[in-house]
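Listed in Swiss-Prot:
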type	residues	note
BINDING	7-20, G102, N170, R193	ATP binding site
Amino acid sequence: MKVAGVITEYNPFHNGHKYQLEQIKRQTSADYIVVVMSGDFVQRGEPAIIDKYERTRMALLSGADLVLELPSVFATASAEFFAGGGVSVLKNTGVVDMLCYGVESVDHELTKLVAGVLKNPPSEYSASLARLIQGGMSFPAARSRALCEYFRDTYDSASEKLDAFIASPNNILAIEYEKALMDCDITGFPIQRVGEGYHSTDSTSEFSSATAVRGVISTLIDIDKHNTITNMQLDNSWISTKFSQLIPSACADILVNCILGGHIVFPDDISEMLYYRLLTGKDKGFAQYADCTKELSAKIVKNIYKYEGFTQFCNLLKSKNLTYTRISRVLTHILLGIENNDFNICMNNPYLRILGFKKSSGELMHLLKKRASVPIITKVADAPYELISKDIFAADLYGRLCHSQQNEFTHGVVII
């Protein structure tokens, strides 16, 4: 039996994701696909647009066989910890043979070459990185420049194509995946992406990005009026037509129900909750939270009374050496109570949280129970609370945002 793994967000699931799952089956001859998916908050440091159970349903209807939750500590982290956490989950299943990931251009050798440098940084690279950061560059920009400088001096052939290669968010994740895979027996398998880029807002393509799909959703919602439909005369068929070229039909039905039911969540929906957290924590500061330096903590406190909302505050705080995404992650960590030591705690106390599976994956589920090296959680009530307390808290906050009547203790595993 051959099992492929995928680490993803599906925020939301779209045609490009379905294409990837189809290509995994076709190119690897995998019998099953195990998906490790972010829960209710995602790597950009924002709430997911629809909840994790509906996104799980989308994945299972479109080619996935088993969906596991990526703990919120890793799901909201930088690419390094996002990838490392995801690989750790796949490794702990004991059943996954390969990790398949999307790339803008398939160059597996270059990916592994760069991953090796990041895994064991040469002194030349480290010196360049430190110099560039001290010069005011953000960490992502400094890392890219330092890598280009290092490869230009050591591998001329690699340096020529490195600039374009590391400019893509998907390729950066691919590098981090390969870096994490160096510590386990799972092999990497790159899949060529099709369609629009990660940040593209073009919603006319068959393979539009998740960013573009979220943009279309936002045109149907009056965000300032608590997620009410902008035109109450809209019906299911009209909205379905809006998404017919963007996402698989089964997923479109799920998304339409979420829209009409008022279960869509946008980044600024966390604004009031976050402001409360900032006000109650300003005297102590925020340096204990993941990714937050003392300098950024001081900047947050200094500007707290200029706060108007989540995205406005992110834009207010960003600078040449602090990206919007870095700040949004920090603010989300403050909201969720994710502190610096939580990464180690989570790595040292791993678990497998099953969000959903197919009835037809009985062989896979049997093997998982036999080979998993960590606890398998299907019922939150049966799990040690301290093990998944961060995920429960994140889900409780999200449930308030999306007007859900269920919680982690009452919502069952999704079975298709």
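Using N, Cα and C of the backbone, Cβ positions are placed for all residues, glycine too.
On the structure: features taken from Swiss-Prot.
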| residue | record | Cβ neighbours (10 Å) |
| --- | --- | --- |
| I7 | ATP binding site | 27 |
| Y10 | ATP binding site | 25 |
| F13 | ATP binding site | 31 |
| G16 | ATP binding site | 21 |
| Y19 | ATP binding site | 21 |
| N170 | ATP binding site | 15 |
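In the three-state DSSP reading, F13 (ATP binding site) counts as coil. Classification of Y19 (ATP binding site) by DSSP places it within a helix.
DSSP assigns N170 (ATP binding site) to a helix in the three-state reduction.
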